Amino acid sequence: MSTADRTAPVTVTVTGAAGQIAYGLLFRIASGAMLGPHTPIRLRLLEIPAAVASLEGVAMELEDGAFPLLDAIDISDDPWTGFAGANVALLVGARPRTAGMERADLLAANGPIFTDQGQAINAVAADDVKVLVVGNPANTNAFIAMSNAPDVPAERFTAMTRLDHNRAIAQLAKKTGAPATEIHRIAVWGNHSATQYPDLTHATVAGRPARELVDEQWLREDFIPTVQQRGTAIIQARGASSAASAASAAIDHIHDWVLGTPAGEWTSMAVPSDGSYGVPDGLISSFPVTCADGAYRIVEGLEVDAFSRERIDASVAELTAEREAVVELGFAKG
């Protein structure tokens, strides 16, 4: 492709850009895995001041990759600079949970971060910005950012449950012996937390209903808790949280949002509710969605049985409590 044939670069901002998830993410973005093989990228890397020196090293490695699609790399510790002109914003950085910290403490610690980032996105990001929050608690951090960006359409703010979706696919593939490519229409509902509900009700394996291939005991006592607790299991096994798999899921999320889901397929994204399936309006909750033309739509009309209803309601209750907590703390409006 000649220089004259190249499209204008897409500006991609990544926060927490010196961290482990970003390290697994940035090189794949630069390679074209996220936005396709013909889309040039301008990377804006955002970090806290103490991590900028480390980030310089990451930028050097990106340069050394000589990626044909990587037009430019900018480094900043200022959100108002880092989000300038952003078409895609991946909010990876967040205050991690430390020993003795309750979930309420985590919400209080992350509130100012996502308030500032939401305000910066509102002021300086591109008109077509798409936001994915990866940093936990992702759903509620996304709600805070969205609440502080009143001029950006609410549907542009999403949180990542694609990692949970991919984990669910992997567990079903392992159980049935089918390749992941033969598994379709899994759904993840609710919060990206241990209350999430990975749902096989409508899933298929090589065209057969998944529920015909697995027993109820495995579903309830193995599959669901394994997916819910997978992050904890990885921490216990490797002594660090999921990084490469989280990065891969972020790539998948943006790729499908921008370029579309395959015909007849859906994925899982945490998006502002429109009231579907009894989830309160505006709550950022995971749903099965389809994507086309740069937009997502919640899959409509799915049957929700009593077991699923109970699981969805439990996760939504947790999200509602988190929303009430950040409203009370002054980070968002109810």
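The backbone N, Cα and C atoms fix where each Cβ goes, glycine too.
Now, the feature entries from Swiss-Prot:
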type     : residues                                                                                : note
ACT_SITE : HIS192                                                                                  : active site, proton acceptor
BINDING  : GLY16, ALA17, ALA18, GLY19, GLN20, ILE21, ALA22, ASN110, GLN117, VAL134, GLY135, ASN136 : NAD(+) binding site
BINDING  : ARG97, ARG103, ASN136, ARG167                                                           : substrate binding site
Grab the NAD(+) binding residues from the record (GLY16, ALA17, ALA18, GLY19, GLN20, ILE21, ALA22, ASN110, GLN117, VAL134, GLY135, ASN136) and give me their largest CA-CA distance in Å.
20
Which binding-site residues (GLY16, GLN20, GLN117) fall within 10 Å of HIS192 (active site, proton acceptor) by Cα distance?
none
Out of ARG97, ARG103, ARG167, point to the one nearest GLY135 (NAD(+) binding site) in space (Cα versus Cα); all of them are binding-site residues in the record.
ARG97
Fill in the CA-CA distance, ARG97 (substrate binding site) to GLY16 (NAD(+) binding site), as an integer in Å.
15
Around ARG103 (substrate binding site), which residues of its chain at least 6 apart sit with Cβ under 8 Å of its Cβ?
ARG97, PRO137, GLU322
Please identify which of GLN20, GLN117, ASN136 has the densest Cβ environment, defined as other Cβ atoms within 10 Å, among these binding-site residues.
GLN117
Round to a whole number and give the Cα-to-Cα distance in Å for the pair ALA18 (NAD(+) binding site) and ASN136 (substrate binding site).
17
Rank the recorded positions ARG97, ARG167, HIS192 by the number of other Cβ atoms within 10 Å of each Cβ, and give the residue at the low end.
ARG97
